[in-house]
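*Asks:* Pasting a structure below so you can have a look.
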Amino acid sequence: MAKVFDRLTNLRAGTTDRYEVSKLALIIAGSLAVLLGSTILQVSFGAYPFTLVEAWQTVFDPAVLSSLEVWRWAFLGAAVPEWLTRQQLIVWNLRLPRILVGVLVGANLAVSGALFQIITRNELASPYILGVSDGAGLVVLLTLTLLSGLVPFLPILAAAGGGLAFLLVYAIAWKNGTSPVRLVLAGVVVGTVFGSVQRALFFFIDDLGVAMSAQAWLSGTLMNAGWAEVRIALPFTVLAMALAFAVTQELDVLALGEDRADSLGMPVEKVRFAIAGIGVLSTAAAIAVAGLIGFVGLIVPHMVRNLVGSDSKLLLAGCLFLGPALLVSADVGARLALSPVQLPVGVITGIVGGPYFLYLMRKKTDLGEV
Amino acid sequence: MADGRPSQMDGETVEHGSEAGTRAVDSASETTSESAAEIDGTDLVVGYSGRDEPVIDGESIAVPPDEVTALIGPNGSGKSTLLKAMADKISPDDGTVFVDGQTIDEFGSKELARKLGLLSQENVVPTGISVGDLVERGRYPHTGFFESPSDEDRAAVDDAIQLAGIENLRDRDVDSLSGGQKQLVWIAMAIAQDTDVLLLDEPTTFLDPQHQLEVMQIVETLRDESQITVVLVLHDIAQAARYADNIVALKDGSMYARGPPEEVVTKQLLADVFEIEAAVLETEYGLQVIPIDPVTDAQAAHTTVGPVPEDVPDTDREP
C-alpha cells in the first residue's frame, strides 16, 4: 500500500517537473525564435540593405558555413578569405559578429545577474551591484583622459578594473565574514566614490570624440563589435557558464539563507565568494566587449524566475537563452530605429527595462524578496 | 538540585532501532551508523559579541543518545543559545562540544551536517519551489560536488516526506502553504538530512494545536523508529513533559534541573524557574501544568535563585 502511494507521489512529482521543464522549453523556443528574427532583421537592414531572402541565404550559405578558412578567420584571427563577395563580407565581417557578441554579452549579463541575485538574496540585484561597473567605468575614464596610450587595451583594463573594485567591495564588507546586506552596502560605498571620481574626470576631456566614446562605454554599445571581440569574450563566457552550471546545487542551498546553508554543511563564505567570482568573471567578459549595458542582468533573471521558479538549474538555463534574445533584439532597435544614427544598446535596454519594472511593481506586492 | 552536574543523565542507552525495519522504504536510516550519536557540551561559556556577560557561563550538558531531550526555561534563559552552541552556530568562548566523543571542530562541514541537523526558528522560503524539491535540498551534505541525486537520496526524501505526513503537499509550491504546513516541510527537510542528532529550536511555538501535535508526533516517531537523538527547545512545559524522555530546565543561563519529566516538572521548579504559581496534575494524559498566577519579585525574593541580570539578550522571538 505504502509502495503504491510512493509510486503515485513520484508520478506526481514527475509531472510538476515536466510542467516547469515545459515552461523552460517555451522560454528557450521563444528566445531562439526572437534571436533568429532579430538576426535576419539585423543582417538585412542597414546602409547596404538586402532583401530578407538574400539575408537568409547569405547567413546560411553552405559555401561559407562549410569553409574551414572562414572559421579560422572568425575564431582564430587568420586572414580574411579572399574569395568572399562584398555581400558575404558585409554580412560575415560586420553584421554577424555583432550579433554573436550580443549573444555572448546577453548570456553573460543574464546569468551573472541571476548569480548575484541569489548571493545577495535580493531580486533587485544586478551584475553591477558589487562595484564591478563602477570600477570598470572609472578605469575607462582614467584610460581615455590620462593614459591615452593604453586605449588599445581598454577592454582588458575595464574588466580588470571591475574585478579590482569587486575585491575592494569584498574587503570593505568583510568583518568576520560577510552578509548580503554588508556586501550590498559596501557596493554602494565603492560605487558612490568611484562614480564621483569618474564624473569628475569627464571635465578633463576636451575632445568631443573622446567624450562620445567614453559615453558609449558607459551606456554600453555593440557598435564596434567584430570578430576580435568575439575572440575576447568567447573563452571567458564558456568558462563562466560552465562554472555557473557546475554550482547550481550550491546556489539552490544558498537560496535557503545562510543559516540553513550552514546547517546543511556548506562553507557559506567560501562558496559565496566563489560564486561571486564566477559572476564577476562573466560580467567582466561582457564589459570588456560591450561596456556597461544596464538592465539586462536585472530583468532577465526576474522574467525567467517568474516563469520557472527559483530552481537554479532551470533559472540559469532560461537566462542563458532569454538574455541573448533580449539583448540582440534591443540591439536591432539601437542600430536601426533612428538610422543612420546608432544609439548605444544600453539606452534601449533601459527604455525597455523601466516599464517592465513598473509593470512588476503594479503586479507583485512582495517585490524585493528572493 | 540547583547544581545537578554530577548526576548527568547519560545512564541508559535504549535501542529503539530494531523496530525500524517495519517501514516500507527505509534505506535512509539503514545507511546511518549503528547507534545514535551522543552529543555533549562541557564547561560551555557562550555569549554574543558586544556583550560583556556570557549568556551561558560554564555549563555542561550530556544528552543521552536515542532519546528526546527538551530544553525549557523562560525567555532569555539561554536555551536557544545553548542549542545554537551545540549546533556549532555560535562558537563558545570556552568549553567544547563533543559529538560521539569527537570535538565538533574536528568534523568537516559536510561531515558534521551528516551527523547533526538544526532546524532554526526562522526559515527562508524561495519562491516557486515545490515541497519535494525543498525537502531534497536536505540531501546536500550527502551529495558530492558534481553528483546528482542518487536512488538513496530519492529514497531518503520519500521517507522523510512520508514520515512528516506531507505526501499530499509534495507538488505544492512552498509559498502557498500555511505556517503549520511549512513547519512540517522544514522538519521533513531536516529528516531527509538523515543525521544522528537533530536539534529543533522551538518547533511548535507559532503553530496551531493540530500542527503542534503533528510535529511532536513526528518527533516521537523519529525517536521510536530511527536511531536519532533529538534535542528540542520548547515553550510549552506540558508538551515537554508529555513527549520528552528528559527535561533540562534553564534559568538565567544555568542549568537549574535535569532528569525525567516527573522529577523535573514540579510546583517548586515552576515557581523558581518560570516564576509562576502553577498546579501540576498527574492525569491519564500525562502531566498537566496549569498556570495560576505570576510570582512577583517580592514573592520570589525568598527563592534560592540569585539576582536576575538584566542584560541577558532575549533570543526568543515573541509572536
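Each Cβ is built from the backbone N, Cα and C atoms, and glycine gets one as well.
Straight from TrEMBL, here's the annotation block:
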- A:21-43: transmembrane segment (TRANSMEM)
- A:96-119: transmembrane segment (TRANSMEM)
- A:125-147: transmembrane segment (TRANSMEM)
- A:154-173: transmembrane segment (TRANSMEM)
- A:185-205: transmembrane segment (TRANSMEM)
- A:226-247: transmembrane segment (TRANSMEM)
- A:273-300: transmembrane segment (TRANSMEM)
- A:342-361: transmembrane segment (TRANSMEM)
*Asks:* So, do the transmembrane segment (A:154-173) and the transmembrane segment (A:342-361) meet, by the test of 3 or more Cβ pairs under 8 Å (sequence gap 6 or more)?
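*Replies:* Per Cβ check, the transmembrane segment (A:154-173) does not touch the transmembrane segment (A:342-361).
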*Asks:* Considering only Cβ pairs under 8 Å, which range in A:125-147, A:185-205, A:273-300, A:342-361 makes the most contacts with the transmembrane segment (A:226-247)?
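*Replies:* When the Cβ pairs under 8 Å are tallied, A:273-300 comes out ahead.
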*Asks:* By a Cβ-Cβ criterion of under 8 Å, what residues six or more beyond either terminus of the transmembrane segment (A:125-147) are in contact with it?
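*Replies:* That would be 108-109, 112-113, 116-117, 153-154, 157-166, 168-170, 183-184, 186-187, 190-191, 194-195, 197-198, 201-202, 204-205, 210, 213-214, 217-218, 276, 279-280, 282-284, 286-287, 291-292, 294-295, 297-298.
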*Asks:* Can you name the far-off residues of the same chain, 6+ from the ends of the transmembrane segment (A:273-300), with a Cβ under 8 Å from a Cβ of it?
*Replies:* 101-102, 104-106, 108-116, 118-119, 124-128, 130, 132-133, 136-137, 140, 155-156, 158-160, 162-163, 166, 170, 216-222, 225, 229-230, 232-233, 236-237, 239-241, 243-244, 247, 250-251, 254, 319, 322-323, 326-327, 330, 344-346, 349-350, 352-354, 356-357
